[in-house]
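What follows is a set of notes on a single structure, which appears directly below.
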């Protein structure tokens, strides 16, 4: 029995010896993994592996010893978690001893120590022992890169798990690491080494007397000068090294006396990258430095920064210089001073003011902006700095404004003033009387009002911005100042067309200031606008002149712009709605553009109300019933219908009202939306008009039952409301509503109504939760579509219903969407519906504005376009190849629409297979196909030049042909593509250069300015092709 057991035990050991022999002597690599796997599975122990290695570990031949230790180390790397404490002790002693061995053995020894540094069972004291042995026995920088990396890994492992033990070494550990790192050149190792240095400092290891040595061993790499080789497999970028080294240099104030002179030297050098790196590093240092570290270097730092901002041609250097100055000032501002200490901030700011003040007064104003930027960078660092600089600079700038008479000079000075005023907004003052602006308020207001009355538009624009900033200062402006300001803004809001930018700025400023000073604007602006509106109504009655018409439009825009406070909305909204009623009641010459302008103002007001729940609900419950009442009244049959009533039912006007209702509904809370829906749905289904103002109508409102097209057209307003509701709002009588919508969607007598019904049905389908009721609605829709698509007068309406239902399901990833898309694809071959089906793919891929929007709470999956592309483009391509010649353009059009709206990163990998079809689409006579395809190709020329250059001959020919297209939009797009072609590799393009330059001479004489502009741009790029520096 004993003999049998011995044989069984000997058999596996024999296998182990065989594997060891194959690795050590046979130089095979595979056995190491096998041995490690056997140890992990429990077939062998580490001790048995050591015994099997036996004499190989003591072999007089270094290479044999190295192979034996390599095998043991590889086993330990895989199995270090299995080791017991006593095994770790013996292995550590063995490996430490082998550090004295032949240099060929050292790499394998280090691998073993790396494995042991990961052991949880490592007894206390051994980490210190290992590192001492490495520091003493190994000349690390003579090792290959991979072995140096192993040493850094050993140190990192011990720092992570044995921090207190290593700290017991005191400064000896720091000195040992300095020796290890000294002379390191490989970027892979430097990243690890910099991280170790950072940890030494941030985790409070003792640096002892070696602070300067540690600084020297890291700062010698500053600034980083490293360019990664092409196709670098390690992926290390120069920026990685820069940031890692910067983290070290800026990690401790103890480096300051060595680092600051170095930074000053590099800022003053001629190397742009060194300047940038130094200024960014200085910026980082200021976060940890105090006055003590900066004190002796402040004059030199200021001189260097000043010189760079004054003299540099690089915007990046200027920006970094200003950022560094800001950080320096912030650092000096936050330092706590002793009572007897010098206030370095005060003296530093005095130097800045002394060097910059006189430039603000120079007649030629050459260094005005650099000086202002420096002063603003310092002033923006702290409240104390801001007060000091502002109180010194503002009197000077105010004086200069009055000294200079030219508008351009005054604009420059006012822009500088504006910069300093904006900085004041950063700081709050408990005692408003201490605010430095108080003493200059009257002068500032006077200066701003002068700017607002200046003939120069540019000066007026700066004046408006300055007024807005002054107004944002709490309790600065008096009531009289505000009254004057409102008067100026009123005047500027009615400027002529050539001052459009000023008018827009004035409207924006009115909105900003009205939110802060609602009483002033209610008292002084709203009454004036109300009067202006009344005058506008009178002019409409008389048949107005164009100038009066434009004033009326300006008034409407001003009313919406100023509606930024709940109290003002309660005044301005009734004015606009009353205006609509007045137009309705009077004998005014109402045009659709007038009503659309009012609706646009209402929509803008609704957008502003979205920020405040109270205003949002007020607008909704006030404006929506009013608009619905006007529309319902307009839809009623009358013997002599008024002009307005006809206007209110026009497509464009209804679309404008849809926009108002949708905007006013999207931000309602579910509770308030639920209140509203109980009124509006019954209005359309049951004719319940009780909640409408002035609801005495001559007949019942029954849009679904009534035969009049006027009432049916108002389904668009129902759509705007119900399709903007939050998803969790329950819609009353939903089943009846969906059936009525479905029935109306296939009514051929009024395309506008049927389309609105189809969109409304689709919008509700998209939000409806999955379940039996949704399935029933879908089945009804499919049956209706199939019935309508047969022969008959409703084919077009059935197709529209199919399209919108498909879109609703595509957006939410509903399983039926693939069947409906396939049905749509089948219609591409239909003689009557084929072109419309092709355009339908544009609708499926586009964002809508009135229904199925994220803002309207529709269920829109993030990557629906990518999914649609993956699921359907192969079928489109296949269908194109199989289609008869007369149908192919429909497939090309559909494909072009899909690709044009696809995110380019998704399209690029598929480009080689699809490009031939896109090029064929350029030959399609349909302008829509051409434009869509050109829009798709232009970004691809910029992002995939290598693929596109394979087809350069075809591209040049087709783009040049299309540059003479009858369609202006196609001509412009073709010329933009010709411009983009110049991004392809120059050698590929040069043979075509003469031909292209000749061909592009023709569109230079195009009758349309925008075409000529693109032609000049494209031809200029082709002229430069191949020239030096291009």
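Positions of Cβ are set from backbone N, Cα and C atoms, glycine also.
The model shown is predicted, which means the values in this text are computed figures rather than measured ones.
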Candidate set 185, 295, 496, annotation N6-acetyllysine, source Swiss-Prot, matching residue: 496
Spatial separation of residue 496 (N6-acetyllysine) from residue 1027 (phosphoserine) - C-alpha basis, Å: 47
Intrachain neighbours beyond the repeat 'HEAT 4' (990-1028), with Cβ under 8 angstroms and 6 or more residues off its ends: 952-953, 956, 960, 963-964, 968, 971-972, 975-976, 978-979, 982
496, 1027 as modified residues, winner by CB count within 10 A: 496
Mean predicted confidence [pLDDT] for the repeat 'HEAT 2' (908-946): 85
